[in-house]
């Protein structure tokens, strides 16, 4: 482990990421809200550090897997701190725990918030808040498609892009290859949604900020009532569709385009299961809401059901209505859908579709083995057999994921909060859903938690976003052995 190399790469990444502060800085300058200098400070600060780090010489493209893991973990923990500093300097958020929580929530595309009156904040601050979603979503997808396969993180080696071979010791060439494809697909979805939302009646500012939250499956809105504030079925439908598109493997868009085949996109097992589950759940939610009299018309029930199913399974966190008074079975399903999550290689959180597909196939194989004890079965996904090491990694990931969810829920409950609030907050943070149930429901927020609890939930958001293993790996002695 060469810490000098890690330091240089972390500073370099933070410096280039800091250029994103130019987005709110430019907006602030154009509209003269007096906050421009505060948005420029992180860039200047990181520029000075970059000048010092640049003196460290390292061989080109010579970064090991362990160094890459540590670099990624440090960047994800430190960049929100820069953003938190910015929130505090602008006066939008007063305390560091609050500012760090809001920043982590943005970059992890969680969408949980401590803000009680969003509309009272300067537009440049809200633009930055939404921009953190877009940057975090892009950063996570590149990470999940390039670095996770190299460490076999819970079966992430299933993810491949233009190659069936996992990255071994050289990380950078793979990152560049993946990043190019992802950026093309991500940018296309972004531009397309901005145009459609503009045509649907949003102004450009609202269209951009909500697109950032949608494509990144984040959930930050510029309105206290979230998407419901626009009272527009068309806007809700556009956002719901793009939440599902953002929840699909972004690399597949590029490959489907290259192959000139939309069938290729929908033939991918994860994408297929994502849309099938979303369709079935939409019909079920609609039937329950309409039959129990929550909405007067079937079309209205379908409108809210489709949106909420899309936001749950994509772990986005937008809300078109206060669903906290819906039947308990639907509230439970919202939490379950967020735990299942969407496709690997997407901006969404959760355990991911492919892991549940593999677990289901494994369980079915074991059931058959009960009848025929000598049966030897193979688990296939997408026509390819999976190795035992992959299956073991998936079981380990799911076990640790649920254990952490329960552990954080229990720790939060020690502060005296009810179990629904505590455990739904834990689920909402580790899955990157954002809003939960109880006090952290769609009409609530996370402001009432103590500073310790907010920092704890921030760590949980990062654990969920980085798929658990990379962060935990840094804390085991074996990681530091050469």
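Using N, Cα and C of the backbone, Cβ positions are placed for all residues, glycine too.
Given the structure is predicted, the values throughout are model-derived calculations rather than measurements.
Marked as transmembrane segment by TrEMBL: 38-56, 68-88, 134-158, 178-197, 234-254, 274-291, 329-351, 393-414, 462-480. Residues annotated as K(+) binding site in TrEMBL: 109, 110, 218, 315, 316, 433.
Residue 433 (K(+) binding site) falls within neither a helix nor a strand when secondary structure is assigned with DSSP, and so counts as coil.
Listed stretches 68-88, 329-351, 393-414 were compared with the transmembrane segment (462-480); the greatest number of C-beta pairs under 8 angstroms is found for 68-88. Highlighted in sequence order, 108, 111, 216, 217, 219, 314, 317, 348, 349, 431, 432, 434 have their Cβ within 8 Å of the centre of the Cβ atoms of 109, 110, 218, 315, 316, 433, the residues recorded for K(+), and are not part of that set. Here the binding-site residues are 315, 316, and the one with the most other Cβ atoms within 10 Å of its Cβ is 316. Within its own chain, the transmembrane segment (68-88) has Cβ neighbours under 8 Å at 1, 6, 9-10, 13-14, 17-18, 21, 38-39, 41-42, 45-46, 94-96, 99-100, 102-104, 106-108, 125, 128, 132, 139, 143, 147, 150-151, 171, 458, 462, 465-466, 470-471, 473-474, 479, counting only residues six or more beyond its boundaries.
Of all Cβ atoms in the shown protein chains, 34 besides its own fall within 10 Å of the Cβ of residue 218 (K(+) binding site). Its Cβ taken as reference, residue 433 (K(+) binding site) is surrounded by 32 other Cβ atoms within 10 Å in the chains shown. DSSP classifies residue 316 (K(+) binding site) as coil under the three-state reduction.
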